[in-house]
Amino acid sequence: MSHRKFSAPRHGSLGFLPRKRSSRHRGKVKSFPKDDPSKPVHLTAFLGYKAGMTHIVREVDRPGSKVNKKEVVVAVTIVETPPMVVVGIVGYVETPRGLRTFKTVFAEHISDECKRRFYKNWHKSKKKAFTKYCKKWQDEDGKKQLEKDFSSMKKYCQVIRVIAHTQMRLLPLRQKKAHLMEIQVNGGTVAEKLDWARERLEQQVPVNQVFGQDEMIDVIGVTKGKGYKGVTSRWHTKKLPRKTHRGLRKVACIGARHPARVAFSVARAGQKGYHHRTEINKKIYKIGQGYLIKDGKLIKNNASTDYDLSDKSINPLGGFVHYGEVTNDFVMLKGCVVGTKKRVLTLRKSLLVQTKRRALEKIDLKFIDTTSKFGHGRFQTMEEKKAFMGPLKKDRIAKEEGA
């Protein structure tokens, strides 16, 4: 009779326990890049929203490789990144127990989409958040106190972070409540960081001031949820033989009689997906500009390249499936990223010093695919589709009726 072999390596990693639903929807930055005072003052992270995927064609610049100077097709993810608004500054002091908050200063004017984050039910609330606080900026005593806070932050703080929020009204999403996060300011002295942050209070910060072309970044987010799953799907254990009594997709032995407990390391059924994950080393292929009005005309050609001069936007025909149209600035990342469409993602500067040739390679895009992602798309633009299909019957009837 056939039987399975008696020894086998364990299935599934224990490094990600507990496999339960994430307590937060927005990816948390657990460590920021190391500060270098010799560099200019800059932010180290940004928030974006996953729109969807497409593919590009590029020429490889890797001397000595078989694919050098040849065209390759690469899958890419589009993350929409409208400008973030700075609404606060936080100063931290280093203590033997780690960083401790020293002072927090908020801006005078804070938008409703940011205030919504401080309420469970905005509709039923009195909407009074920050009404007393903003008066600090208006009377003389309050201004003196704020100046005192800023001077003490310059004197005692070692780390400066800004509080920034996303602009939900610019996105094709139903959610009105903005996502809020602390972003560490690196580079320069503490005084320079604080002055930089004060200048940008209530100002918009675009993504191209944080990241650059061809940069390697980390993506932090919550994965796509799969619900309650069995042990075979969740841990990828081997299915039992066909004639097994009471089921095949199970673990036959969950441990010895004593100790009279099931060990934590034994694969069991439970929650799969919606886990907090950090993926490192995602290369930026392109930082695209959103739609803009120039000389009274709407400019959309943010998917054109030096080789493909057709006037087209990054949006595929019909928009990104389950997302809509990307009208703001966007970041094009190599490969896939965690989460479902519309999921908020935290983009962070890399913690590592990049030395590999692949990381430092210059990306030269030849073509960006904009065919429909719903079915087998074959047309890059609506003009191309109309030219191929010819006039529609309804258009012809309307023309005849008009005549």
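Including glycine, each Cβ sits where the backbone N, Cα and C put it.
Positions annotated as region 'Disordered' by Swiss-Prot: 1-37.
Here the compositional bias 'Basic residues' (18-31) has Cβ contacts under 8 Å with residues 45, 47, 179, 181, 183-184, 219-222, 225, 234, 270-272, 274-276, 278, 344-346, 348, 351 of the same chain, all six or more residues outside its ends. Annotation source Swiss-Prot lists compositional bias 'Basic residues' at 18-31.
What Swiss-Prot lists as SUMO2 cross-link is LYS39 (among others). Residues within less than 8 Å, Cβ to Cβ, of LYS39 (SUMO2 cross-link) and separated from it by at least 6 positions along the same chain comprise ASN186, GLY187, GLY188.
Taking Cβ-Cβ distances under 8 Å and a sequence separation of 6 or more, the neighbours of LYS136 (N6-acetyllysine) in its chain are GLY142, LYS143, GLN145, LEU146. Positions annotated as N6-acetyllysine by Swiss-Prot: LYS136 (among others).
In sequence order, GLY273, TYR274, VAL338, GLY339, THR340, ARG343 are the residues near LYS224 (SUMO2 cross-link), counting only same-chain partners six or more apart with C-beta under 8 A. As annotated by Swiss-Prot, SUMO2 cross-link applies to LYS224 (among others), with the evidence given as similarity to another entry.
Feature annotation from Swiss-Prot assigns SUMO2 cross-link to LYS226 (among others); the stated evidence is similarity to another entry. According to its DSSP assignment, LYS226 (SUMO2 cross-link) is coil.
The Cβ of HIS245 (tele-methylhistidine) has no same-chain neighbour under 8 Å that is 6 or more residues away in sequence. According to Swiss-Prot, the tele-methylhistidine annotation covers HIS245.
Every protein chain considered, the tally of other Cβ atoms within 10 Å of the Cβ of LYS286 (N6-acetyllysine) stands at 20. Sequence annotations record features per position, and here Swiss-Prot assigns N6-acetyllysine to LYS286 (among others) based on similarity to another entry.
Annotated SUMO2 cross-link per Swiss-Prot: LYS286 (among others), in sequence order.
The secondary structure of LYS294 (N6-acetyllysine), as reduced to three states from DSSP, is extended strand. Within the same chain, no residue at least six positions away from LYS294 (N6-acetyllysine) has a Cβ under 8 Å of its Cβ. Positions annotated as N6-acetyllysine by Swiss-Prot: LYS294 (among others).
The feature SUMO1 cross-link is assigned by Swiss-Prot to LYS294.
The N6-acetyllysine annotation in Swiss-Prot covers LYS366 (among others). Neighbour density for LYS366 (N6-acetyllysine): within 10 A of its CB lie 14 other CB atoms from the protein chains shown.
Mapped onto three states, the DSSP output places LYS366 (N6-acetyllysine) in strand. Positions annotated as SUMO2 cross-link by Swiss-Prot: LYS366 (among others).
Counted within 10 Å of its Cβ, the other Cβ atoms near LYS373 (N6-acetyllysine) come to 19, all protein chains included. For LYS373 (among others), the entry in Swiss-Prot reads N6-acetyllysine.
Non-local contacts of LYS386 (SUMO2 cross-link) by the CB criterion (under 8 A, 6+ apart in sequence, same chain) are absent. According to DSSP, LYS386 (SUMO2 cross-link) sits within a helical segment. Under the heading SUMO2 cross-link, Swiss-Prot lists LYS386 (among others), citing similarity to another entry as support.
The SUMO2 cross-link annotation in Swiss-Prot covers LYS393 (among others), and the record cites similarity to another entry as its basis. Contacts of LYS393 (SUMO2 cross-link) defined by a Cβ separation under 8 A and a same-chain sequence distance of 6+ are given as none.
Cβ contacts within 10 Å of LYS399 (SUMO2 cross-link), excluding its own Cβ and spanning all protein chains shown: 10. Across the compositional bias 'Basic residues' (18-31), DSSP helix (H, G, I), strand (E, B) and coil residues number 0 helix, 0 strand, 14 coil.
Around LYS226 (SUMO2 cross-link), taking its Cβ as the centre, 13 other Cβ atoms fall within 10 Å, counting all chains. The two recorded residues LYS399 (SUMO2 cross-link) and LYS373 (N6-acetyllysine) have their Cα atoms spaced 32 Å from each other.
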